[in-house]
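Per TrEMBL, the feature domain 'Gcp-like' maps to A:44-325. The divalent metal cation binding site annotation in TrEMBL covers A:H126, A:H130, A:Y147, A:D319. Taken from TrEMBL, the feature substrate binding site covers A:Y147, A:V148, A:S149, A:G150, A:G151, A:D179, A:G194, A:E198, A:N291.
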Amino acid sequence: MGLDITKKKRRIALGCEGSANKLGIGVILHEGDAAAPTSTVLSNVRHTFVSPPGTGFLPKDTAHHHRAFFVRVAKQALADAGIRIADIDCICYTRGPGMGAPLASVAVAARTLALLWGKELVGVNHCVGHIEMGRAITGADHPVVLYVSGGNTQVIAYAEQRYRIFGETLDIAVGNCLDRFARALAISNDPAPGYNIEQLAKKGGRVLLDLPYAVKGMDCSFSGILTRVEELAAQMKANGGKGPDGEPFTGADLCFSLQETVYAMLVEITERAMAHVGSNQVLIVGGVGCNERLQEMMALMAADRGGSVFATDERFCIDNGIMIAHAGLLAYETGFRTPIEDSTCTQRFRTDEVLVKWRK
Amino acid sequence: MAAADDAQFPPPKVLTYPASTPPTLITQGAEGRLYKTTHLTRDRPCALKYRPPKPYRHPILDARLTKARLSSEAKVLERCWREGVPVPAVYAMDPAAGWMMMEWIEGIPVRVGINQWLGERPEEGAEIPEGADETPLVDLMKRIGAAIGALHKTGVVHGDLTTSNMMLRPVQGGQANGGAGNEGKTRAVEGDVVLIDFGLATQSMSDEDRAVDLYVLERAFASTHPRAERLFATLLESYKSTFKKASSVLIKLEDVRMRGRKRSMLG
């Protein structure tokens, strides 16, 4: 390990992610200059814990899932990558933010690999992982980032070696609002509640139900909207609620109205941040980022401003190990290490706490 | 240039009448566009705020938001104007067509002023160096705090306080700021603070809403002027001395900050 990592031509990292209900392990290869490496995804394996319709994933069950599948997923990731253990330079894992128990089980597993194989550890901020992977895949160099998932809703822009949060939700995350609404209608959690809401919304749209629209500056709030859609869902089940045209509305109409409202809010706060920092690139990351309606609305907004939108597909949008490997390796190349005695994980870890040493 | 702008952003109908002064597009903000034109007489400059339809938004939702926001903005501005809060006066409006004419505020945005002032400072170090004379900037922070205090006193919360949404109007008789010349350094942060863009303002007397107002500014300030972040406390002190009910708002602000941080708990 005395070797200077920046002098090495090929650098390989294995990343372990498990901050929510996805367990992901991926292997990334960086080549060339450490200041501006070329990245190649060698493998990206994921296994998702899916809870029955009407329920959410609980920390205990999710942690159990991650423990049960870790070895299988890790072996698959190594086999897909076609590398030897000796080729790996470091083991990266999600330090936070996320759910405590699942984070802890993956951190234990990552530590085990590091000790077993004699590798150094790198703790990674989950949000920074999403951002760096999005940048690497899309090639967006200085975008305003909308990070939307089941646990996070943030509008971020880079300034002076930090990813600064310009706007965020003041209560629950947008994905949490969608997930919990899906429970009210007992929409399937397989592959993801948000995906099923999107498919159902395509069948709705006869009416737009009046939902609260809560934007405060560059921040927003979703709990009031959730309460309202849950009320409407209950009304619909009990006696068939009436839409603004006096006709009964359907679950599909609810999905449609919810999507139109919350995505309009997200696009609005993103546009506000773009105007504020003077950027015309948007990068959407996080699980909700795979939603095609959100991508479409964002593209319309960006086009209006003479800019463009960058988004990735489910392989990189949804939590994965490769993004942890990539962001971890970027930090590793600047000399960052997480000694084993400090290799904790944390539920609270703000995006702007990370010193982004690999960017100017 | 003007022709190209027109092609890209067709102006609202009201600006196409032969009697109107040819408009200049000032900014394409997030919310809409701001034109400079005149109201009634050719020597009375005015700002015309136009909220064009947003193509990404569902038309029903878009119409609802545009109308509600423009009407509420006018009501709020009227109320502030009456109570002596430094805001532009409303001249005319058509909420359904999405436009409103307001008094033209001379000067530069506070954001530009602060950055000009900070730009004169040595580059190294994240903070303003010890011993540097920062009185002009401290003074500006006090004036901002006082303006927000006066605003909250009238029962209005702005909803989108940033240093881009405040103007520095040159003091009567003084030279216009933002001009060329080296002495622009101190002058960059001089002038009366005028609050603009009330597009998300609401009438509210609750500590919660007021605290969120301050929180939004605090965060925007920290991300826009990281090197002057420390001076935000001065702004809050001045807010406190202007506004009688400030203490409970500042206690609430603590809560809102904690809740903001709590957001990072979930993955």
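Any Cβ shown, glycine's included, is placed from N, Cα and C.
Overlay of TrEMBL annotations on the structure.
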residue : record                             : Cβ within 10 Å
A:H126  : divalent metal cation binding site : 29
A:H130  : divalent metal cation binding site : 33
A:Y147  : divalent metal cation binding site : 27
A:S149  : substrate binding site             : 27
A:G151  : substrate binding site             : 25
A:G194  : substrate binding site             : 27
A:N291  : substrate binding site             : 28
A:D319  : divalent metal cation binding site : 28
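Separation of the C-alpha atoms of A:H126 (divalent metal cation binding site) and A:N291 (substrate binding site): 20 Å, rounded to the nearest whole number. Spread of the substrate binding residues is 19 Å (greatest Cα-Cα distance among A:Y147, A:V148, A:S149, A:G150, A:G151, A:D179, A:G194, A:E198, A:N291). Geometry remark: A:G194 (substrate binding site) versus A:H130 (divalent metal cation binding site), CA distance 18 Å.
Less than 8 angstroms from a Cβ of chain B: among the binding-site residues A:H126, A:H130, A:G151, A:G194, that describes A:H126, A:G151. Counting only the Cα atoms, the space from A:G151 (substrate binding site) to A:H130 (divalent metal cation binding site) is about 13 angstrom. Over the domain 'Gcp-like' (A:44-325) the predicted model carries a mean pLDDT of 94. Looking at A:S149 (substrate binding site) and A:H130 (divalent metal cation binding site), their Cα atoms lie 10 Å from each other. Looking at A:H130 (divalent metal cation binding site) and A:N291 (substrate binding site), their Cα atoms lie 16 Å from each other. Taking only the Cα positions, the spacing between A:Y147 (divalent metal cation binding site) and A:N291 (substrate binding site) is 13 angstrom.
Following the DSSP three-state reduction, the secondary structure of A:S149 (substrate binding site) is coil. In the three-state DSSP classification, A:D319 (divalent metal cation binding site) falls within coil. With respect to their backbone Cα atoms, A:D319 (divalent metal cation binding site) and A:N291 (substrate binding site) stand 14 Å from each other.
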